[in-house]
Structure formats: C-alpha cells, structure tokens
Ligand code: FCB
C-alpha cells in the first residue's frame, strides 16, 4: 500500500505572495497592500507589489508546473481582485485573469484547487470593522457565490479559509502581520467566531451556486504533536496534547480544536468554553449550525510539531529537543513525524478525507557557479516528511499533498528573505530556475511515491 492512484501531488501558493500587479488592473486594496506601504512592518520594507509577477507570467509558471509533472495546484483568489470593495462591484479584469489561469492549468492536465481567503481582507471591509463586523459573513458569502458562478464549471475543489490561527493570531492579536493590531482577547474571540461563520456561509454559497457537485474543505494549521515512542501511553499523550488549548491566553489562537471542532463536530471544545468564558461573544445554536455546515474534505497545513511522552503524573510532558536539533532557514524545527501522526490524529477525530494543504521548508538557496540551484536540505526534508506521509497514506483516507511552495515568494513579514520554492526566483529579473528539488519532486510524482 502507499499513495492512492489518483493522489493529488501538488504545490501551493497564494495570491499576494506571487501575483504582483497590485495597481492598474482594477484591483481594490486589501490589508496587506496597505500594511506593506508603511515602513517598518516587513523585512527591509519589501512589498508584494511585484512579487513573482505571476499575474503576467502565469503561462510560463504553468509550463514549469507541467515540466514538474504536477497533478494539482492550489492557489488563492485575491478577494479584492474580483470584488474591489469586498462586495458589490465586480472587477471583470480580475475574473478574466483567474479564468485564463484556470484554463491554462486544465489545458496542461493540472487540477486547480482554489483557496478563497489567504489573508487578503479587503481594506474597505476592514474600515468597517473587518472580522468584527457581523456583516462580513454575508460579504464573504457573496464572494463565494461569485467564485462559484464564475469558476465552478471548471474548478471542483475549494478550500474556504487558510490558517485562521495565523491571520487572527498574528494579524489581530500579536500585531506581527497585517493589519498589525494587538486587539483585546474579547475581540479576537469574536473575530474567530465570525471567521468560522463566514466559512460556513461560503460552504453554503459554493454548494448552492456551484455549477456541478463540488468538493469543499477548510485549511487550518497548527503545530502537530507526535509521541516519543509508540507505546500506547505516549501515543495517548500526543493525542491529548494535539487537541489541547494553549496554556497561555496571549497565544490562544494556536490550537487545533478551537478552530476545527466547531466546523467538523458542531461544537466548541468544553474546556475552552469554560476557560475563555469571559471573552466569548454570544454563541447561538443557529451560529453553530452555520459553522458546521458539512464539508467534504479536511485540509491541514503542517510544517512541524513537538514531541511528547506520557508523564508520571498521567499528563503529556514535552520531550526536550537535543542540542543542535535540525532546523530550517526560518528556524522552524525539522520534525518529519508530524506528517504521520498529524493526519492520523486528525482523521481519527474528524473522520474526513485529508489533504495536506501545505508543507515545505525555507533554505538559504543560491544560484551556484554552474548556474543551477542545489538544495540538498530541501530534498532531504521532503524525503523524510513524505516518507512519514506514505505510512499515513496506508492507514487513512489521504487525498493529496501540496508542497509549499511552487516558487520563492513574498513570505509575509519576512519579505523575500525566505525561500520556500521548488523553483528559484531571481527577484532582480524574474528569472525562474528549477532547483534540484523540483526535479526530485517530479520523480516522486512520476513514481506515485513508491520510490520514497
Ligand atoms: C503558512 C502560510 C503560507 C506561507 C507558509 C510558509 O503559514 O499559509 O502563506 O507563508 O506558511
């Protein structure tokens, strides 16, 4: 056993991180457009104004995808490129761009997977309270309806929101991402509730206006947890820790259960309802019904995690990392086990087919004297992670894997300082160079992972 025959081997990107063309094409502004204009927020004040210029170079990029043998490609739509204010007026130029991209992908035998929200809150909506304004649920639904009407004759796979943990946590609680706010806890819980309602509303709209039956999912993230040994008590410790809340409220958004239990199980975790009680908005039965509108698949972005064992007191206990533990260029630990235990625990709890919607590594890649980009660390990382994923694929319903990222791009607050791509982008001249790992991944795809 191993990966299913129709396993979706893909790569992922997001609109602001690659598209560029922020001006002159009828696009509205979103919070990242505005945030990056103000110096001091992003590494060396980089912005996504040009990024990978994918808006103009998408035919070349799809050609590269084809050369890599990708079966699938996950990209996001910039809400403000199609609805400049977030609602109302439609920008036909934006629709035409995504239509052309979709057609190009299909012509090359690559299945498009659309993410609706990869952090680009329309500035117009932000001015009206953003995720705090209950109307955002309708507005996001309107956006999903437009997407369904315009693209779902050809695109069947959708993810609603990407990493709510991150955009609420980093954007509105810790002030490290756009719009750079440190909001009171109460506000962030209300936003989170509205995010999940907006997700539910989008699911309803996609179903109602889809031009054919659609496969709809959600794409949260979080650090995963894996056991030190495969003794039942350590596995149980990892399972408990994986769905536990953060000990520290100032970092509350980093958990799996608060964001996924409502969507998949129809209720918030009991422990959280008690602990967060002073900060919670009014939660109605109708809200929970909307939030748990049935979805078809579960996506999870997985980069790393921590190791636990069962402690003598019957509680999970962290296993300290040894000195010199492997880490990536962005200083994230290398923990391949998460691609086995993560999907396995998620599948057990939520009983939905799983997609790994993102996974990858940043490296200090350079163009070598021979004109190529050699990235042994990335190949080693992917080999280790995919090996674990293969084990999971034999045990659970695993549908696809999207490597982050197709090409080097604008890495949020890190600007262009982090390179996550399988394809190197020279940002001086937009030249693309397939890294060694791109060819390596092509071979994995060709063998459907049997060579892992
Ligand atoms: C995830 C984001 C993605 C990218 C990767 C490295 O948190 O979804 O946009 O930044 O991390």
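Cβ atoms here come from the backbone N, Cα and C positions, even for glycine.
Marked as active site, proton donor by TrEMBL: 163. Proximity of residue 163 (active site, proton donor) to non-local residues of its own chain (separation of 6 or more, Cβ distance below 8 Å) is seen for 119, 219, 220, 221, 301, given in sequence order.
Annotation source TrEMBL lists active site, nucleophile at 358. Non-local contacts of residue 358 (active site, nucleophile) by the CB criterion (under 8 A, 6+ apart in sequence, same chain) comprise 12, 219, 221, 301, 302, 303, 402, 403, 404.
Reduced to three states, the DSSP call for residue 118 (substrate binding site) is coil. Within the same chain, residues at least 6 positions away in sequence whose Cβ sits under 8 Å from that of residue 118 (substrate binding site) are 14, 15, 16, 17, 76, 162. What TrEMBL records for 17, 118, 162, 303, 404, 411, 412 is substrate binding site.
Spanning the residues 17, 118, 162, 303, 404, 411, 412 that the record associates with binding substrate, the maximal Cα-Cα distance equals 18 Å. When the recorded positions 163, 303, 404 are checked against ligand 1, 163, 404 have a Cβ within less than 6 Å of one of its atoms. Around residue 412 (substrate binding site), the C-beta neighbours below 8 angstroms that are at least 6 residues distant in the chain are 17, 42, 177. Report note: the substrate site is defined by 17, 118, 162, 303, 404, 411, 412, and the residues of the same chain whose CB lies within 8 Å of the CB centroid of those residues, excluding them, are 14, 163, 358, 405, 420.
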